[in-house]
Amino acid sequence: MIIVTGGAGFIGSNIIKALNQGGREDILVVDDLTQGEKFSNLIDCEIWDYWDKQPFLQAIKAGEEFPHPVDAFIHQGACSATTEWNGRYMMENNFYYSKRLLHYCLERRIPFLYASSAAVYGCGLTFQEHREFEAPRNVYGYSKWLFDQYVRRYLPTASSQIVGLRYFNIYGPREAHKGAMASVAYHAHCQLKETGRIKLFEGCDGYEHGEQRRDFVSVADAAAVNLWFLEHPNQSGIFNVGTGQAQTFNEVAQAVLAFHGHGEIEYIPFPDHLRGRYQSFTQADIHALREAGYAEPFALVEKGVKTYLDWLGKNQD
């Protein structure tokens, strides 16, 4: 059995779908469906059981065993809102929760894969998995970074796999429930359908309008990385998950415009509250991931966005 926390969420549900496509259906999904619309992410997924987060966490704290042997934990459950500033809430969901799962797995030698984030790098320009390049600029990034730091203490002596995956800007199917935190591609698609225009920020930090750059990575590629590590339990560490190539917001918008065959871009003023906290440039250094043995190519925006919009047309529009 594989346990996927946050399994009804964006990345978690895509990992479950990928596991299904590989023949795995013995999956225990853990989530909090207070936001009930997330259930739709699991409609076409095959799972063994569903547990609410609270009784699951109580079982973990009590050291209870599960009804079936656990092959791995894939921990995607977290508060992923970069605009959330309730530090107590963020630390409980992203740090303390993760620590409890880590120790449960270490004590039983169960592989533990978890979601980290490119937010740990803050506004820096070097994106390598080393302490000197890490300086988060919001409490979300700090909660992820602090758990990475905690994991680093255990990596040298752990007798079972621990893998932290620092996701860059993920986009793709099953993200509609994320609202304002959904991807640029998703918002561009929705805006174009509703108004015929795509809104992007004006220039900032020395970048021209819409020329801010991010490493946009398909959720299908992120799921594939998770499955690869499941298949290679001798590989442990903290790894960036991105294409390794920054692309502009304009390129994302142009990919959406090209798919629909109409529309235009409207540039709007850059919000004052984001100044000094906004990542105008991200580009994953994926040397560590490649050195670990992951050799699959990553889709760039031109291909990945088209594939995504094809899916939206068949499943949501």
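Cβ coordinates are placed from backbone N, Cα and C, and glycine is handled just like the others.
According to Swiss-Prot, the protein has these features:
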type: ACT_SITE; residues: Tyr140; note: active site, proton acceptor
type: ACT_SITE; residues: Lys178; note: active site, proton acceptor
type: BINDING; residues: 10-11, 31-32, Lys38, Lys53, 76-80, Asn93, Lys144, Ile170, Lys178; note: NADP(+) binding site
type: BINDING; residues: Asn169, Ala180, His187, Phe201, Glu202, Gly203, Cys204, Arg214, Tyr278; note: substrate binding site
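Ranking the recorded positions Phe10, Lys38, Ala78, Tyr140, Lys144 by Cα distance from Tyr278 (substrate binding site) puts Tyr140 first. Cα-Cα distance from Asn169 (substrate binding site) to Tyr140 (active site, proton acceptor): 15 Å (rounded to the nearest whole number).
Of all the recorded positions listed (Lys38, Lys144, Lys178, His187), Lys144 sits in the most crowded Cβ setting, with the most other Cβ atoms within 10 Å. For Asn169 (substrate binding site), other Cβ atoms within 10 Å of its Cβ number 20. Reduced to three states, the DSSP call for Lys178 (active site, proton acceptor) is helix. Of all the recorded positions listed here (Tyr140, Lys178, His187, Glu202, Cys204), Lys178 has the Cα closest to the Cα of Asp31 (NADP(+) binding site). Of all residue pairs in the substrate-binding list (Asn169, Ala180, His187, Phe201, Glu202, Gly203, Cys204, Arg214, Tyr278), the one with the greatest Cα separation is 20 Å apart. In this structure, of the binding-site residues Asp31, Glu202, the smallest number of CB atoms within 10 A of the CB marks Glu202. Cα of Lys178 (active site, proton acceptor) to Cα of Cys204 (substrate binding site): a distance of 25 Å. Ranked by Cα separation from Tyr140 (active site, proton acceptor), the binding-site residues Phe10, Lys38, Ala78, His187 are led by Ala78.
Ala78 (NADP(+) binding site) and His187 (substrate binding site) are 22 Å apart (CA-CA, integer value). Remark: of the recorded positions Phe10, Tyr140, Tyr278, the most isolated position is Tyr278 (fewest other Cβ atoms within 10 Å of its Cβ).
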